[in-house]
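Trainee: Input: one structure, supplied below.
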Amino acid sequence: MRIILRFLFKNIKENRFRSFLILFAIALSSAFILASNALTNSLNKTYMKQMRASIGSAEIYISPNSKSSSQFVDSNKCKVFSDRLEYIVSVLQGSGIYKKSNDEELKLSINGYNYDELAQVNPVTLKESSNVEPFKGKKVIISRNFAEKNNFKVGDNITIKINEANYKLNIVAIANNEGLFLKESESFCFLVPKDFMDTIMQASNRGNVIYLKNKAGEGKQKLIADLKTEYKDYDVMETITDADVQRNTTMVSQSMKMMSIVALLMSGFIIYTAFKVIVLERLPIIGTFRSIGATKKTTDVILLGESLLYGIIGGAVGSVLGIAVLYLLCWIIMQGGFIVSLKYSDCIKSFVLAIVLSLVSSAIPIIKAMRYSLKEIILNDVSQEGKNKLWKQILGVVLIIIFNIAPRVADTNYLRFIGSISLVFVLIGIVLIVPLLTRLVSASFGKLICMIFGNEGVLAVKNLRENKSVLNNISILGLGISVILMINIISSSLVANVGSLFTDVYKYDIWITGSNLNDDLKRVFEAEDGINEGYGAYSAKNVEIEGKNEKIGWISGVQSNKYFDYYKTDFIDNQPEVVNKLNEDRNIIVSATLRDKYKYKENDVINLKFNDSTESYKIIGFIDTVINNGSYALISSKYLKEDAKTRYYSDILLKTYKNPVQIEKQLKKKFASKKLDIRSLTTMKEANMKENQQFMNMLQVLVTMAMIIGGFGVLNNFIISFMERRRSFAILRSVGMSKSQNLKVLFIEALTGGTIGGIIGIVGGSALCSVIPYVIKGLSGIPFNLHIEASTFVLALIAAVSISLIASVGPALKSSKLGIIEGIKYE
């Protein structure tokens with residue numbers, strides 16, 4: 001055993017670069033698997049931390065809505081359920097302004113807590129403090145972020161404006177940017193005593209939000225239902241649901257898993273081709289062993305032992321690399337403040353997979369090597385030219401056709417699964433049709449190549465058609481370019497889709513939301529300089545569909561045809577007829593996304609739960625829209641106000657005749673004391689693009705990794721091709737071929753192979769992209785339109801040729817140094 005192990009380690013050390021290629025492929029695949037498995041849990045915990053920043057450990061909240069008799073909530077009713085609750089915390093939330101200078105005002109989010117109750121629901125970590133308790137009167141705790149940006153320290157006084165009145169507060173502590181102080185992008189958090197806010201808001205010891213946490217073992221949903229009976233005219237909701245977290249993580253985690261499968265396919269291909277080299281190199285030694293009595297089983301064990309060793313080392317390296325990749329992806333997606341969650345089982349799975357990948361990928365070359373007779377081994381007659389298995393090429397075409405059709409006809413509920421496996425089988429189909437496409441392209445351009453390059457061109461074209469290593473080279477190049485092309489098109493399409501939403505769908509300039517929005521306030525906005533006109537929009541969010549355990553994310557109330565001046569709406573049926581029917585009864589127009597998801601048909605009746613009532617609506621039409629990711633519907637504003645029991649607008653939309661960004665600043669400054677969120681479409685688009693940029697950054701990381709894997713694979717196959725044909729090159733040299741002609745043949749192969757690989761990559765990328773809209777729709781429910789530019793294909797072709805030429809440099813230099821006798825003789 002010791003002799004075999006020494007022999008195996010010696011073999012690995014003999015060719016460090018090739019060993020690096022194999023270990024790199026195994027480690028990268030193992031790292032991808034570890035990162036994709038751990039990423040979902042890491043993102044879940046990170047998003048949970050961010051979502052819980054303002055609510056702490058609270059599981060349920062109670063707050064007023066438009067039908068509430070008061071803007072405050074009495075917490076005494078909750079005490080009926082005190083035996084089922086860990087705590088009942090009443091909070092007063094408001095807004096204010098800190099005037100930093102004459103030209104700059106900072107928006108404040110003010111939270112009034114009793115300090116002991118804050119410790120129960122959402123404790124803060126203080127960096128510095130002085131005389132915090134008793135936490136009463138005109139005291140304030142600010143964030144480290146606010147203190148550093150505005151040069152405040154503990155003991156300083158600060159003047160802020162709340163409801164048009166100025167208040168001087170004493171800074172008693174500076175808190176670390178955690179919990180309540182974690183997210184301060186829109187406004188800065190100020191923590192003040194509840195009695196101070198009570199005096200300002202005249203709340204009579206009530207709150208405008210109540211946070212509750214149920215005891216372990218108590219049914220949360222049952223508790224919410226019981227609380228709703230006590231607070232009939234208030235919102236009683238779960239703070240965070242599993243669906244909220246999954247909505248934020250599904251797209252990223254599923255994308256990573258699909259890319260892991262792609263990485264496995266590409267890495268397996270690299271290991272397979274690398275072991276063809278290993279087997280070729282080992283054949284002389286195997287021949288020696290066999291000639292002195294070693295059995296095939298013994299030589300199999302030696303080669304499989306080497307494969308196992310690669311798997312163990314690659315798996316160990318992959319575990320470390322996977323942790324680095326996981327941290328990198330979390331940092332890119334979350335831009336700091338992330339939580340990495342890694343289980344031992346994730347490391348074990350990736351390690352075992354590395355060993356399995358190495359053994360399975362190397363098994364075919366090893367088995368093929370064992371079929372060679374002792375005579376073939378001694379004479380080095382082991383070239384792989386000739387056989388083209390037509391059935392594989394036919395199977396490749398069939399796979400591409402079937403799995404391009406499958407997502408188009410699949411049930412929406414199974415689209416995620418079918419779309420994902422379609423991508424994998426399309427990739428496999430691309431690999432299988434490489435010989436067919438290579439023959440077609442070389443047949444089309446073969447004569448031209450021969451005319452330009454002469455006899456060297458004839459040899460190069462022959463090798464392209466017949467040598468398996470060259471075909472493998474084209475396969476992995478085409479596969480890599482396909483994946484890179486697909487990712488780049490997704491990235492550019494994402495930008496285009498977001499842009500079209502804000503330029504084509506939203507037909508207003510300023511969006512305003514807040515509490516108590518009514519006609520009087522709308523008229524005040526319309527009177528402002530730079531405003532053309534306004535529209536008050538009624539809407540209901542997250543309305544449950546009875547019997548579906550699902551919600552419609554956004555239902556808009558249509559008052560008149562004026563609605564369609566503010567939202568571009570693509571009707572699938574006759575618009576005037578359908579719109580006129582909205583006001584006749586409880587009728588609803590739903591999005592094509594909801595129609596496909598729930599198999600709705602015209603005249604179907606759906607029951608919608610509006611707080612304490614359930615109303616039946618008849619479907620009268622469908623619209624094709626991406627608003628709210630397709631979870632969208634239209635009903636009459638008359639029935640929305642009646643059923644949702646709302647008196648106020650949800651949003652006020654404004655059209656301007658001056659620069660919307662300047663109007664946004666103007667309105668924010670004038671109405672700073674009101675609890676309003678005012679944004680221009682430009683600001684909204686930039687914020688949306690910033691959110692999507694994280695996902696696009698991740699896509700760029702995946703592009704880079706795909707290029708690295710593909711580049712190393714191409715280099716590996718050039719080395720294989722050279723090793724297989726060095727005897728042929730030596731014979732050609734012996735009959736008159738010069739070193740420069742030899743180099744020329746390799747250069748023509750690289751140039752032509754790169755071109756063919758690029759063309760195959762474009763064909764394959766197009767095939768993958770035809771499936772992508774269905775995959776994304778299955779993952780997120782979002783309709784996704786592809787935006788493809790011709791320049792993308794040109795760049796893909798240039799990249800393929802460049803990779804091929806660069807990878808050919810090493811083998812070409814080796815070829816130029818090869819001696820005739822050295823190439824022909826048996827070692």
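Here, residue 1 is simply the first one shown, and the rest follow in order.
Cβ atoms here come from the backbone N, Cα and C positions, even for glycine.
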Trainee: When you get a sec, could you say which of 8-28, 470-490 is annotated transmembrane segment by TrEMBL?
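Mentor: Here TrEMBL associates transmembrane segment with the stretch 470-490.
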Trainee: Restricting to the same chain and to residues at least six past its boundaries, which positions have a Cβ under 8 Å from a Cβ of the transmembrane segment (743-776)?
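Mentor: 251, 258, 400, 403-404, 407-408, 410, 415-416, 418-420, 422-423, 426-427, 429-430, 434, 437-438, 441-442, 445, 449, 453, 456-457, 459-461, 463-464, 470, 473-475, 477-486, 489-490, 718, 721-722, 782-786, 788, 793, 796-805, 807-808, 811-812, 815-816.
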Trainee: Look at every Cβ pair spanning the transmembrane segment (351-370) and the transmembrane segment (390-407), keep those 6 or more apart in sequence, and say whether at least 3 of them are under 8 Å.
Mentor: no
Trainee: So what's the mean pLDDT when you look at the domain 'ABC3 transporter permease C-terminal' (702-818)?
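Mentor: In the predicted model, the domain 'ABC3 transporter permease C-terminal' (702-818) has a mean pLDDT of 76.
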Trainee: I'd like the per-state residue tally for the domain 'ABC3 transporter permease C-terminal' (258-373) from DSSP, helix first, then strand, then coil.
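Mentor: Secondary-structure breakdown of the domain 'ABC3 transporter permease C-terminal' (258-373): 99 helix, 0 strand, 17 coil.
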